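Visitor: Structure in structure tokens, see below.
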Amino acid sequence: MAASPHTISSRLLTGSVGGCIWYLERRAIQGLPHRVTRLFRNVSNQWVTLQHLSFLKRMYVTQLHRGLSQRVKPKPEPPASPFLEHTSSGQARADEDELPSFPAPSRPLSRKPNEELVELEATSIVDHSLDTAKEKKEERQWKEMKLHTDDLPGILARLSKIKLTALVVSTTSAGFALAPGPFDWSCFLLTSLGTGLASCAANSINQFFEVPFDSNMNRTKNRPLVRGQISPLLAVSFATCCAVPGVALLTWGVNPLTGALGVFNIFLYTCCYTPLKRVSITNTWVGAVVGAIPPVMGWTAATGSLDAGALLLGGILYSWQFPHFNALSWGLREDYSRGGYCMMSVTHPALCRRVALRHCLALIALSTAAPVLDITTWVFPVISLPINLYISYLGFRFYVDADRRSSRKLFFCSLWHLPLLLLLMLTCKQRPGQEGDKGEAPS
């Protein structure tokens, strides 16, 4: 039976299509080696990556030969989309020529799940990123600090807390000037110099002991010992070179009583106050005693005795430090807590505010006691009452509000309150021959 023309044309078309498909498959099989490039990644010692240039498919095979030890450091390039990346046949051949040829593995492809393979690759990338970050951190951490001779005076000034030392010397000078008797300039200079050296020594030893804790606080993390600008040996040597001549000047240049007070204050600050800061809130009261001794030293340097006037000056400095320091520590509670210090503002905030207010009011009573002890005239408690009432008002606001704003106001008020109060005391100082006329202002 003869086939119809339609059947003959269908068979011819089917044969032509089949021949074309066979020809294309043969060309694809012959060109496959030119489209495959072996790319090695530092994923594992037992895996090799094969990347198909047409579809960017990654396959993993088991490494059989120990000679395949080539490692290429991965470059931090963002991965390109497989649907947007097109590689020409010429570039493929060039990449194939650059890479060495390796024998094909004899074992079949691994049949591990794709999730495990992706996890291996991701783990290698994360490990490499962590290693790079660790190297950069170590480079910053172990950066060499060079000490120049020109920078040494400034470093030693920060080591000795030069501003705090200046405050100590000024209160000592006020105690010397308020003491009865003639003003001896040579004794005054020796007292100021000896007290300043003793203060530098105490502050340097304090920083030496607190290096591990200061590094955790934003307020103290840039101190010289914390940053490694000077060695601990140099800091201790500087403290010794300040303490020995300072105590010698106070003992033999002034009088033994003043020298003994200087030694006691260094011991109290370095061996009692410094370790107590991490143990108990009583460190604040001990620190207030340390700050109250310098005006007493100035009084004993001028008179050679420890009488009621010296104790009154010490009491004024003692009470002034509580609103000053409690207001300061209130704004640094996070820092003190991070550094491991036991402060009233951290552990007993209500007591911190109550003590500050209590000693603000005590300044009024101590100012009233000054003319009773023949240190000043009766004009002093009158003219000092406004500033004492003002700091008491700020202390009350700090007690009621218990916020950072009120503590800052109280702290900045204390900065100008003390020098103004001492200046008023010097202005109203009791002169010889005025004991019977205490109500008149000095001429």
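The backbone N, Cα and C atoms fix where each Cβ goes, and this holds for glycine too.
If you look up Swiss-Prot, you'll see 68-113 marked as region 'Disordered'. The annotation transmembrane segment is assigned in Swiss-Prot to 174-194, 230-250, 252-272, 286-306, 308-328, 363-383, 410-430 on the grounds of sequence analysis.
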Visitor: Does the transmembrane segment (410-430) make contact with the transmembrane segment (286-306) through 3 or more Cβ pairs under 8 Å, each pair 6 or more apart in sequence?
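Guide: Answer no: the transmembrane segment (410-430) and the transmembrane segment (286-306) share fewer than 3 Cβ pairs below 8 Å.
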Visitor: Does the structure show the transmembrane segment (308-328) and the transmembrane segment (363-383) touching, where I'm treating 3 or more Cβ pairs under 8 angstroms (sequence separation 6 or more) as a contact?
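Guide: Counting Cβ pairs under 8 Å, at least 3, so yes.
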Visitor: Give residue numbers and ranges for long-range contacts of the transmembrane segment (174-194): same chain, 6 or more residues beyond its ends, CB-CB under 8 A.
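Guide: Residues 245-250, 253-254, 258-259, 262, 294-299, 301-303, 309-310, 313, 375, 422, 425-426, 429-430, 432 contact the transmembrane segment (174-194) from elsewhere in the chain.
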